[in-house]
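J.: Feature list, courtesy of Swiss-Prot:
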type: BINDING; residues: 40, 41, 42, 43, 44, 45, 46, 47; note: ATP binding site
type: DOMAIN; residues: 5-240; note: domain 'ABC transporter'
């Protein structure tokens with residue numbers, strides 16, 4: 001099956017004279033319906049990479065294909081219609097005076113007929129559980145609610161791919177959980193491809209696969225289990241340890257023998273219960 005996204009030897013410089021490219025020889029592919037997290041410290045190139053995928057930035061070298069189309073000036077608008085982006089600060093994304101007006105904005109720009117527009121706005125708000133807030137002013141919403149409305153605005157456009165560019169980084173834990181649960185629900189319903197750009201290791205744990213960026217290069221990729229088993233190597237890259245790994249470190253310091261393989265939070269709970277019952 002042909003990947004929905006293919007990058008081959010991508011290079012990008014913000015200035016031609018830059019000695020160190022923002023992206024250097026980056027290659028990977030993503031399948032339809034996959035959730036891929038791209039992690040790395042600040043300045044690693046992960047957000048630059050996201051902007052090349054939907055054509056906000058054009059690479060200096062290499063090729064990008066989205067939905068089988070090569071990214072170039074002739075195809076860039078077709079590709080942008082396939083890729084929706086949710087950015088870091090929800091307040092910077094609102095243009096409508098009410099929630100429903102804001103969700104309708106992108107549809108108006110595409111010239112969608114009014115009857116279809118009303119239907120799409122209703123459907124999108126229902127899917128992110130914000131239909132009861134349709135007449136509300138965006139400024140009166142919580143951070144998590146604002147991001148759910150931003151997601152609804154993207155969902156209404158019916159893209160094949162959603163990119164979350166640090167979309168949960170300004171939210172409290174409750175808001176972050178709201179957004180992740182919303183994305184999981186929509187992904188399962190529509191077989192959407194999700195790319196999350198994040199430095200939040202716990203958010204990345206929701207992905208099928210993780211790509212690790214460092215100094216503009218792709219340095220590692222694999223399942224969350226594979227990546228998180230690196231342990232202290234993540235800390236050396238400027239990243240945090242996921243909660244289960246932190247718990248394992250704390251238990252080891254107290255003389256408890258813990259599994260060497262990576263465990264999810266659910267797996268850690270199961271292991272703890274089994275350990276207690278076997279004593």
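Going from the start of the chain as shown, residues are counted 1 onward.
Glycine too: its Cβ is placed from the backbone N, Cα and C atoms.
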J.: What average pLDDT does the predicted model assign to the domain 'ABC transporter' (5-240)?
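T.: Averaging the confidence scores along the domain 'ABC transporter' (5-240) gives 89.
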J.: Fewest neighbouring Cβ atoms within 10 Å: which of the binding-site residues 42, 44, 47?
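T.: Across 42, 44, 47, these binding-site residues, the one with fewest Cβ atoms within 10 Å is 42.
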J.: According to DSSP, which kind of secondary structure is residue 40 (ATP binding site) found in, if we only use helix, strand and coil?
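T.: It is coil.
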J.: Sort out the sequence-distant neighbours of residue 43 (ATP binding site) for me: same chain, 6+ apart, CB within less than 8 Å of its CB, listed by position.
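T.: Non-local contacts for residue 43 (ATP binding site): 215.
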J.: For the recorded ATP site, whose residues are 40, 41, 42, 43, 44, 45, 46, 47, find every other residue on that chain with a C-beta no more than 8 angstroms from the centre of their C-beta atoms, and list them by sequence position.
T.: 48, 199, 213, 214
J.: In DSSP terms, helix, strand or coil for residue 46 (ATP binding site)?
T.: helix
